[in-house]
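Undergrad: So TrEMBL says this about it:
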{"type": "TRANSMEM", "residues": "29-52", "note": "transmembrane segment"}
{"type": "TRANSMEM", "residues": "72-93", "note": "transmembrane segment"}
{"type": "TRANSMEM", "residues": "124-143", "note": "transmembrane segment"}
{"type": "TRANSMEM", "residues": "155-175", "note": "transmembrane segment"}
Amino acid sequence: MPEYSESMHLELIKNGWVPMKEPKTVLSAILLSIPFMIINGLISILVINIFSNLSLKEFGFTSNTISINLNLVDILLVVLLLIVHELLHLIFIPNFIKSEKTILGLTWFGGFVVTEEKIEKSRFIWITIAPFIIISVILPLVLSYCGLLTTTLKFLILLNSMASCVDMLNLLLIIKQVPQDGTLKSNGQKTYWNYKQSDFNF
């Protein structure tokens with residue numbers, strides 16, 4: 001993960017950037033995101049049920065037994081899902097290919113994409129929610145309509161939906177704290193906002 005810079009923090013504050021109130025650790029962010037995990041899962045279940053069916057029995061849960069079988073292919077699909085999820089964050093960052101301030105990586109808690117580029121609020125919101133909307137809302141609608149939604153795909157869609165819970169927490173924080181005409185910028189894991197007319201650059 002990119003490191004927080006105290007000197008950058010002081011320069012940002014000096015130039016009118018406002019630090020957002022955010023969870024101080026990854027663990028606290030995950031704990032605060034649990035309600036969104038439930039909400040996201042319910043949304044995807046409702047979407048899947050529009051054209052298809054979803055039952056616990058599909059995933060090995062019955063009234064008497066629980067049977068879960070994971071093979072190497074399933075594990076590889078989960079890893080692929082993680083990569084696609086992060087790439088969907090990445091590709092909506094303006095000029096991400098040329099950016100020297102944008103990082104894609106992995107931690108024990110999963111993947112991450114961090115950019116220190118200045119990004120308008122509306123674009124930042126889309127970057128935040130893109131993996132959830134595309135993988136867990138649009139994709140199941142398309143696959144269900146085409147009759148291509150298998151049990152494995154349902155599992156991956158639900159997994160992505162619940163894994164997007166921290167993204168939804170970030171969405172709420174942005175909506176509540178950043179003005180409509182605001183611009184956001186990161187310093188390590190800290191996020192700041194300012195107004196669009198700011199010409200401050202690093």
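Quick reminder: no glycine exception, Cβ is built from N, Cα and C everywhere.
Would you situate these features in the structure and describe their surroundings?
TA: Residues 99, 102, 104, 110-113, 115, 117, 119, 123, 126-128, 130-131, 134-135, 152, 156, 159-160, 163-164 of the same chain lie 6 or more positions beyond the ends of the transmembrane segment (72-93) yet place their CB under 8 Å from a CB of it.
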Undergrad: Given a Cβ distance threshold of under 8 angstroms, which distant residues of the chain, six or more beyond its ends, lie next to the transmembrane segment (29-52)?
TA: 22-23, 109, 132, 136-137, 140-141, 144-145, 149, 154, 157-158, 161-162, 164-166, 168-169, 172
